[in-house]
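> Per TrEMBL, the feature domain 'Amidase' maps to A:24-459. Annotated active site, charge relay system per TrEMBL: A:K67, A:S142, in sequence order. Sequence annotations record features per position, and here TrEMBL assigns compositional bias 'Polar residues' to A:121-130. Sequence annotations record features per position, and here TrEMBL assigns region 'Disordered' to A:121-147. The active site, acyl-ester intermediate feature in TrEMBL is assigned to A:S166.
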Amino acid sequence: MTISQLRKQLTAGETTPAKILEGLAGEITARDSKTGAYLSHDLESALAEAAGADLGLPLGGIPIGIKDNMNVLGQPCTCGSKFLENFISPYDATVIKKLRAAGAIPFGRLNQDEFAMGSSTENSALQTTRNPHDHDRIPGGSSGGSAAAVADGTAIATLGSDTGGSIRQPASHCGVVGLKPSYGRVSRYGLVAFASSLDQIGPITRSVEDAALILQAIAGFDPADSTSLDVPVPDYLSGLNDGVKGLKLGVPKEYFGEGIDPGVRRNVEASIQNLAAQGAEIVEISLPHTEHAVATYYVIAPAEASSNLSRFDGIRYGHRASSPADILDLYKKSREEGFGAEVKRRIILGTYVLSSGYYDAYYGRAQKVRTLIRRDFENAFQKVDAILSPVAPTPARRLGASAADPLQEYLSDIFTIAANLAGIPGISIPCGTVDWDGGKNLPTGLQILAPHLGEAKMLQIAKAAEA
Amino acid sequence: MSHSHIDVRYVANLARLELSDAEVAEFQPQLEAILGHVEALSKLDVSGIDPTAHANEIFGRMREDVPHESLSQAAMLQNAPDQAQGQIRVPKVVTDA
C-alpha cells in the first residue's frame, strides 16, 4: 500500500499508526529471513512514537525505513560495517528531524554496502540481502536493503543515500521508485559521509507521488550542512498531474550503445514511446563525456572516502583492536579488523590518487573532467526539459557474479554516476520486466534526469511515465 | 599518469591500514586494473578547464554564531571502546626520553 492510500485510511479511522507498525513487524517476521533487508527494528520505541502521532501532518503516522548510514537517536547505525557493529546514535540526522516534524515514524534499519561502497549490497559485512523478485539475485546497491524492503512489502517507504546511483540502481533492480535529489537540496547532516561532494539522501517508494511527499518533507536549507542550499522549496505535489504535453525530452545516444541488454533497451524505449504518445517531443541529444564518468568517479569518490574514513581510528567510537603495541598499531589494526575488502580497496585507491606526485595526474585531472561532464548536462538542458535513459545496463545479476572483479561492478553504474558528478537530480521508475540470464520477470528501470533543482518537473514527467 | 603500478602496502601504510599478505595479493591486480581504466582520462584535453570540486559553488559560508546545547558527556562516551573517569582511554602516546 502507498503512503497516499494509508493516509486516507488513517484519516478515515480505518487503521491506526500502531496497527500499521504491527502489520509491518508481522511482514518482517514472515518474510525478511529470506530477503534480509532489515539489520534491526525496534517496534517498541516506534509504537511509543506512534501513540503521539499527529495524523493531520503530511506524513502523520507513516513509518519510514532508514538506510543504516543515517543517525536516528538511540538506534544502531552500523553502515553495514563491523567497525560500527555496536554503535548507537547519540542524535538525529536532519532528515530524521524533518521526517518527525512531518509526522513520520522512523522504523527499522536497512542493510547496505559497507559505508555505501558498492552496487550490490554484497559488500555489507553484516548480512546478505536478496532481491525479493528472485532470491538468487542481488537487490542492487548500495541502498539494497531500502529498495528490497519496499519491494517486499516489509516497508511502506524508505530513505536511501545515492553517491553514484545507490538509490536509483537498487530501485530499478527491485521494481520500485528511487529519487536522488539535487546536490544541496537535502541536508547531509547526520548521514555518515562517504564522498561528501557527491552524497545525497532521497526516498525509495512504491509510487512517484510518495516520492514527492517524502522529498517535500526532507528538502530545505539546513545551517548544520555547509553545502545545503538556502533557496525556497517548491510544492512538489501541485503540478504532479500536469502531464508531459509540450515538454522536450532528450534521449542521449551514448546511453543506448553496446553493453545494454536488449530487453532493458526495449522496455526503456517503450516508456519513451509512451511519453511521446502523451504529447512529449523526443529529441536525440549527446552527452559526449559519458564514457569518462566512471573513471572520473573512481578517482573523486575514493579520494573523498579516504579522507572521510580517516575518522574511523578506533579511538572515540567503533571497533578497537585488542592489545595494540602502541597508538599507531591501534589505528592500523583497528582499521584492518573493522573494514571489509571494498572499503580497504577504496581507501588505498583514494590515498594513492591524493598522494604526492600523483595528485595532479589523477585527482586534479578528474576534477577538470568533472567540469566537462557538468557542461555536457548544461548544454543538453539548453535544448531539453529532461533526459531519459536506462538506469542500469542489465537487470539484477546473480549473487556473487562479480565478486572477484570490482572494475566490472564499477562499470555497471555507468548511467547513474554522471548525475552525481554534475549534482543534478535523477529518478528511477519501474518500466516493465525482462527474462534475463535464467531469471524470469526481472524489473527494469527508466531514469529521468533534470536540471539542478528541477525536481518538480522531473516528478511530473515521472508521474506521466508511471501511468 | 603513464603507469598504473601501485605499491599497495606502502599506500596502505600512508592510510594507517594494516593489510595481510593475502589482501595485498588480492588488491594489487584489482587496483592496477582500476587505475588502468582511469588512464583513459589522460587522453582528454583539459587545458584551460577549471576544476569542479563541488556541484554547488558555495564557499566559506558561515552559520550564525548562536550558542546551543552540545551533546552530553554521557552521549559522547556511550560509543567509546575504552573509557575511565569520564574520559576516553588510549594507549600511551608520549614515550620516555
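Note: Cβ is positioned from N, Cα and C throughout, glycine not excepted.
TrEMBL labels come from automatic prediction, so no person has curated them.
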> Who are the chain neighbours of the compositional bias 'Polar residues' (A:121-130) in space, where the CB to CB distance is under 8 Å and they lie at least 6 residues beyond its ends?
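Those are 34-37, 39, 78, 80-82, 85, 111-114, 136-142, 144-145, 148, 170, 340-343, 399-400, 403, in sequence order.
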> At the Cα level, what's the spacing in Å between the residue listed as 'active site, acyl-ester intermediate' and A:K67 (active site, charge relay system), rounded?
11
> Between A:S142 (active site, charge relay system) and A:K67 (active site, charge relay system), what C-alpha distance do you get in Å?
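Distance (Cα to Cα, whole Å): 9 Å.
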> So how many of the residues in the compositional bias 'Polar residues' (A:121-130) end up helix, strand or coil by DSSP?
0 helix, 0 strand, 10 coil
> Within 10 Å of the Cβ of A:S142 (active site, charge relay system), how many other Cβ atoms can you find? Include all protein chains, please.
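So the Cβ neighbour count for A:S142 (active site, charge relay system) comes to 35.
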> Report the same-chain neighbours of A:K67 (active site, charge relay system): residues 6+ apart in sequence with Cβ closer than 8 Å to its Cβ, ordered by sequence.
A:R109, A:L110, A:Q112, A:A116, A:S143, A:G145, A:S146, A:T158, A:L159, A:G160, A:S161
> Using DSSP reduced to three states, classify the residue listed as 'active site, acyl-ester intermediate' as helix, strand or coil.
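In three-state terms, the residue listed as 'active site, acyl-ester intermediate' counts as coil.
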